[in-house]
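Engineer: Sharing a structure, written as structure tokens. Questions coming.
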Amino acid sequence: MIQIDDKPEQTIKHKLIDNSIKQTDCYSISFNQKSSIMVSACQTDIKIWKFAEGKIKEDQTLKGHHSFIYCIIYSKYCDAFLSGSQDCTIRLWKLVQQNEWKSSQPYLEHRNTITCLALNQSENEMVSGSSDNTIVVWKINFIQNELSYLYKLEKHQGTVRALDYNFSSNILVSCGRDKSIIVWQKDQEEKWQFHQIVNNKIEDEGMKIKFLKDDQFIWVPQDHKYDFISVFENQNNHFVEIENKKINLIKNEQCNDYWYFPVFHIKERNLIVVRHKFHLYIIGERKNGYFHILDSINCKTWSIYGSLTVNGSYLVYWDNINNSFSVYELIINNF
């Protein structure tokens, strides 16, 4: 249930800035730390866009992957990003001069599509999930534009759809097609080890998962009959579902939910953005620890892929009806 206070602590309104820029088949979008560069996956290519006050302008196209690109994540500390593709490879891309991007070699350790990527807080480690059912742990060096394979985590029995580090980077959580939520913890040698399969009230494939605090994460189910977000918290070193914090969403049994639009969370602005089925939800946490929906956008399709600027001021998504980017300004009022 969503607990509602008499007086709102925060309100958000969305304002459409632009929806005129066309692109074909975009499955991932990411922004640099300054929100001045937008990167989008365009089938096998990567497009670099200049972004300013909600306006996007195409800058250049990067080539390297040989199949569709499904995930892109940008560094918080430098102008570099990672891409994962259906060609089973991961690449690093680094801005070496004002307008020159350099690709790393393609890194091939997975045997199937790269479905998700996550960086730890210090950005010296990365994990990748895949349709080969494995998670690969990498050492990353953005300065040298290099990845180093460390080892694999093999516990899932189906595609790994989503994964995330907690803020202290000592807990990793993953979910996927096998309907399991798995918690991993680091041992004394700083190596990830299986810790727990989380007991879930429903048995369903997980589409998205995201830590909101060191000891709390949210999980989004897939099936058309489910329209909610589950909340899990760490109690006595095991994560359990907190049913009275469940976030109920708009009922929609027309389709399943889909992945490739991860959850975005900006702690400093108390903003959580979740794509579920046809809708984009902007969610806030109240001072009492319960969650409420601040705003929602009906995109009228399930095929929506997007991102939030790092400062939380703009929301950008691509959809398969218009084949274009929609840019919204988020106007936030705190009380």
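Every residue gets a Cβ built from N, Cα and C, even glycine.
Here's the feature list from TrEMBL:
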REPEAT    62-95  repeat 'WD'
REPEAT    107-141  repeat 'WD'
REPEAT    153-185  repeat 'WD'
Engineer: Taking a Cβ cut-off under 8 Å, which residues six or more beyond the ends of the repeat 'WD' (62-95) line up next to it in the same chain?
Structural biologist: 25, 27-33, 37, 39-48, 101-108, 110-119, 123, 126, 128, 130, 138, 140, 142-143, 145-147, 260, 310
Engineer: Provide the three-state DSSP residue tally for the repeat 'WD' (153-185): helix first, then strand, then coil.
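Structural biologist: For that range the per-state counts are 0 helix, 18 strand, 15 coil.
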Engineer: Taking the repeat 'WD' (62-95) alone, what is its mean pLDDT?
Structural biologist: 98
